[in-house]
Amino acid sequence: MRCRRLALGLGFSLLSGIALWSLWIYMETWLPFSYVPYYLPCPEIFNMKLQYKGEKPFQPVTRSPHPQPKLLEQRPTELLTLTPWLAPIVSEGTFNPELLQHIYQPLNLTIGLTVFAVGKYTRFVQHFLESAEQFFMQGYQVYYYIFTNDPAGIPRVPLGPGRLLSIIPIQRHSRWEEISTRRMETISRHIAQRAHREVDYLFCVDVDMVFRNPWGPETLGDLVAAIHPGYYAVPRQQFPYERRHISTAFVAENEGDFYYGGAVFGGRVAKVYEFTTGCHMAILADKANGIMAAWQEESHLNRRFISHKPSKVLSPEYLWDDRKPQPPSLKLIRFSTLDKATSWLRS
């Protein structure tokens, strides 16, 4: 009798083990899963996969040598209009604003605009907002997000119909480099917590700039980058990329298309979430290795745009430096920096 009970017990244990093993195999093989960083309370639409079972890991664009596209490739007074990966390069004369209004206006879009006004940079908010109210996405719903350590220092600027402003308190860090590297994290968190419910597109720009001419739906795209005004006419070997191999922002001498400015980027809100999260993860990896990229977040932004190509590129008329004379190749300036004492502002 005892032998019989022992045999039955062993048989039951064996069957249970087989059943559990079969269930585990089924879950591993047939049930997909996705991963979201634990600190982001993302809704389902932002449950963006890193890798699904049954798929090969995502491989970014292969780092292979290729000729550098030149913005002034056609003539010194004419800009290139298409990248080698067939993304349009937007500049005056490459689009019909009236036609675009007819296409985009019925879609009832809301466009978000983020700026950081930390410390002495609050002094630029009024001029920035007044110029945005005059030129940025006229006829569309706009949501301004101002991140600041001094909410009381943000001036109240009258806004037009369908245009809202939200002041979001953030911590001030002692070093401006730390503020810069935290920007991607802050935008990523904000999208996950709020912006995905409030806007369709999101642009992230610097506050110490002003709009000087209309900025409209010609800039809308999945992932949008702006060419830096200081490097649009130089070979990529002179771009201020991060050249140290130890950094995740490393770019080889034979890599790169354009040098993009960190002062302007944007796109569909889901794509901006992916982009800022990717940059933030790379910054964290560098921090763990005790390294800070040459130009902080701008170095990581350029590294990511090499492996994740922008779907639309804005010419330097959307990111100009007022200290430079306007070249013949730019018919007008839409968005430009203000002349300022940078050392005083960052002190």
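The backbone N, Cα and C atoms fix where each Cβ goes, and this holds for glycine too.
Look at Swiss-Prot and you will find 6-26 tagged as transmembrane segment, backed by sequence analysis. The annotation topological domain 'Lumenal' is assigned in Swiss-Prot to 27-347 on the grounds of sequence analysis. Swiss-Prot lists Asp206, Asp208 with the feature Mn(2+) binding site. Feature annotation from Swiss-Prot assigns active site, nucleophile to Glu298.
Comparing the recorded positions Asp206, Asp208, Glu298 on other C-beta atoms within 10 angstroms of each C-beta gives the minimum for Asp206.
The CA atom of Glu298 (active site, nucleophile) is located 16 Å away from the CA atom of Asp208 (Mn(2+) binding site). The predicted model assigns the topological domain 'Lumenal' (27-347) a mean pLDDT of 86.
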